[in-house]
Amino acid sequence: SGKKVDAWMGIPYAQPPLGPLRFRHPRPAERWTGVLNATKPPNSCVQIVDTVFGDFPGATMWNPNTPLSEDCLYINVVVPRPRPKNAAVMLWIFGGGFYSGTATLDVYDHRTLASEENVIVVSLQYRVASLG
């Protein structure tokens, strides 16, 4: 549509759930110093990638499109440009039955929602499957 958005991807909301934090509740993210590089989509949380239906677009479009990692607790924010004064904020929590999924799938293109519906879209990665 030619409409513009601003996007911040991969903002940590919790400490990486590694080592002794693996099976614990998420701990608040530690402060960072300087400027956070929020220009690339975050890792997808560890999960079993579905290969039952083969390698065709209708099936693979639901498979993670970013690297799988236990370091995956991040949010993404997409805002229409120019920035609206009183926009609604939509929190997008992807489905997947706590078994699989990721907020970064191309079918969940937040830019379209933000630009066409004039809403601020926030999405998050969360642990799924055996680590969820």
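Even glycines carry a Cβ here, placed using N, Cα and C.
Quantities reported herein were computed from a predicted structural model and do not represent experimental measurements.
According to Swiss-Prot, the disulfide bond annotation covers Cys45-Cys72. Cys45 (disulfide bond) has a Cβ environment of 26 other Cβ atoms inside 10 Å.
Cβ contacts within 10 Å of Asn37 (N-linked glycosylation site), excluding its own Cβ and spanning all protein chains shown: 10. The feature N-linked glycosylation site is assigned by Swiss-Prot to Asn37, with sequence analysis given as support.
The Cβ neighbour count for Cys72 (disulfide bond), using a 10 Å radius and every protein chain shown, is 28.
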